[in-house]
Amino acid sequence: MRIGVLTAGGDCPGLNAVIRSVVHRAVAQYGDEVIGFEDGFAGLLDGHYRSLDLEAVSGILARGGTILGSSRLERNRLREACESAPDIARDFGIDALIPIGGEGTLTAARMLSDAGLPVVGVPKTIDNDISSTDRTFGFDTAVGVATEAMDRLKTTAESHQRVMVVEVMGRHAGWIALESGMAAGAHGICLPERPFDPADLVKMVEERFARGKKFAVICVAEGAHPADGSMDYGKGEIDQFGHERFQGIGTALAFELERRLGKEAKPVILGHVQRGGTPTAYDRVLATRFGWHAVEAAHQGEFGRMTALRGTDIVMVPLAEAVTELKTVPKDRMDEAESVF
Ligand code: F6P
């Protein structure tokens, strides 16, 4: 078999572990040939690829980022790809394509699959917002980075009697904010799923100071919004990939809290630091298992599906099912952390 692999969308720790696992399983077990398309679907459309043998993937298990490069696909290029989907497999001589990506990539994968390309998807995103899989690799690493950052911010916040507003990633789903906020013992958590009122945060900080706890850490997801009329904060325009351009809720909220409290409030934007660096052991294992199962699925002709974690098992689910809706934080998970909302 000849298998093509690519990584698309925002990178995330564990991508290289999947690539390595695909190559190991395909080459060592089946004697397959594997090629890697460069910079996501752009490599597929422009014919930029390279051969991936065991030597090419040696030493990459613990490396962050992706050795293949990644990019987001503009909508018009996706249409172009779908039109030429039947030719792509023939042109490159591939029997299967394994795209590794998040919601956008899996949607593209589904469209390409419907258009006739033999596709087996692998989900990834630090946001953990892909439905049909209990976890995506990259999430554990991001939560660890954000938790460590808040642990560190607590000690300096306490020294200076400050409020720290820590903005973490999470466009539509607040999983990173929820879990890192819980792990770090943040005093407030704001998620995209539930508009927040800055007045509640002001009350919480004032109560803490009155009890002699003269600092606070508030974890806010980048996609969180204040409740209507509670604070001046606009919605951003939509970019060419269909994503809202955020206005910087961490900075806006810190400014608002400082104004209302008369105490220093500092914004800390963690940004892409959450996506960089080496994956945790958990993410390396999950990524490796996904790669192994993707190759098995290709050999069994299970196309139009993606790998997913269900409990402790890896199963194959239809791509169509995976991209119908995002997995957002349900109310019961927020209730468990109620004291900090
Ligand atoms: O989807 C993953 C993600 O990291 C989001 O949390 C974040 O909003 C987005 O990607 C950032 O993307 P970019 O790298 O294009 O700035």
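Cβ from N, Cα, C; glycine included.
All annotation found in TrEMBL is predicted automatically rather than curated by experts.
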Quiz item: Of Gly4, Gly10, Gly14, Gly170, which one shares the ATP site with Arg72, Leu73, Gly102, Glu103, Gly104, Thr105 in TrEMBL?
Solution: Gly10
Quiz item: Taking the Cβ of Gly10 (ATP binding site) as reference, which residues of that chain separated by at least 6 in sequence fall under 8 Å from it?
Solution: Ser70, Arg72, Gly102, Thr125, Ile126, Arg275
Self-check item: Rounded Cα-Cα span from Lys266 (substrate binding site) to Gly104 (ATP binding site), Å
Solution: 33
Quiz item: If you check the binding-site residues Leu73, Glu103, Gly104, Thr105 one by one, which have a CB less than 6 Å away from any atom of ligand 1?
Solution: none
Practice problem: Going by Cα-Cα distance, pick out whichever of the binding-site residues Glu103, Arg171, Lys266, Val273 is nearest to Asp127 (active site, proton acceptor). | Solution: Arg171
Quiz item: Three-state secondary structure of Lys266 (substrate binding site) from DSSP?
Solution: strand
